[in-house]
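*Asks:* Sharing a structure, written as structure tokens. Questions coming.
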Amino acid sequence: MNALTAVKPTPAPLAQPYPGFSIAPSAQSPRLLELTFSAETTTQFLQQVAQWPVQALEYKSFLRFQVGKILDDLCGNQLQPLLIKTLLDRAEGALLINGEGIDNVSQAEEMVKLATAVAHLIGRSNFDAMSGQYYARFVVKNVDNSDSYLRQPHRVMELHNDGTYVEEQTDYVLMMKIDEQNMQGGNSLLLHLDDWEHLDEFFRDPLARRPMRWAAPPSKNVSKDVFHPVFDVDSLGRPVMRYIDQFVQPKDFEEGTWLSRLSDALETSKNILSIPVPVGKFLLINNLFWLHGRDRFTPHPDLRRELMRQRGYFAYSTNHYQTHQ
């Protein structure tokens, strides 16, 4: 997929109502569901959690679960089971989530609270060494001199999984749009592992199971290398992946050329989804069988995008990596 390309949308299906929210397959793919909290639910949630600033959620980790309970109660306790079912379902495993009425950078704290509540209904977000918190906020601008592609606006950030260079289990990734100014392009890119045309070819290769070294640049604040293969299997023997092209360190010619072929095969897939994510919305995906990236932006001197991410483990699943826990 080339820069600024988008999957042609199909007519949006009717949303299925639940207490406090609705859900429907997205226009881009039936694997990606769109979940929308009603304005009433969003308002009531923010009122009930107003007593806790985000700093309280940072300092007292149990409050992250409490705000999740408040949100689930407002949704008739039907939200949590639906989130768990969707995220663990191999046929789906991805959500685009929106709280009606949260759509401006002035509501950044409210955005963090809502995303935190959702994430802690399915598990717990890991410590993010880059920010020193359970979440990270970062800004993309027109000019960037950082040491990874995370903030570089004028190139595609290739498809990858999160958590490749840390020891913590990374089952889910949450990516929220907090602000956007003078932006064109930069859609989120998603690829479901089972839709990748070359999965069988690379999964069956002997190098797929060879432990490789993964090392992060200084900005990630992680100094210890980790070792694991690119592919593994879940508890049912299905392929799962832990891969990012920037941080894998091949030890020899064989590994290096194999990784180069794998990267090309991912980036040229015809099944990559291009997903616009408006301010206030967030993607929540199963990191074991979804890869994600970002298309490039059109240059603008005042370009600005602020994102928030959380990544963590499922508390209700044993479908982790089986051979390299």
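The backbone N, Cα and C atoms fix where each Cβ goes, and this holds for glycine too.
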*Asks:* Of His292, His300, which does Swiss-Prot put in the Fe cation site with His160, Asp162?
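*Replies:* Checking His292, His300 against Swiss-Prot: the Fe cation site match is His292.
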*Asks:* For a quick check of packing: other C-beta atoms within 10 Å of the C-beta of His160 (Fe cation binding site), how many?
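*Replies:* I count 21 other Cβ atoms within 10 Å of it.
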*Asks:* Which state, by DSSP, holds Asp162 (Fe cation binding site): helix, strand or coil?
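*Replies:* It is coil.
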*Asks:* Are there any residues at least 6 positions away along the chain from His292 (Fe cation binding site) with a Cβ closer than 8 Å to its Cβ? List them or say none.
*Replies:* Leu159, His160, Asn161, Asp162, Val173, Met175, Ser188, Leu189, Leu190, Leu191, Leu283, Ile285
*Asks:* Let me check the 10 A CB neighbour count of Asp162 (Fe cation binding site). How many other CB atoms are there?
*Replies:* 23
*Asks:* Around the recorded Fe cation site, report the further residues of that chain (criterion: Cβ within 8 Å of the mean position of the Cβ atoms of His160, Asp162, His292; site residues excluded), sequence-ordered.
*Replies:* Leu159, Asn161, Val173, Ile244, Asn287, Leu291, Gly293
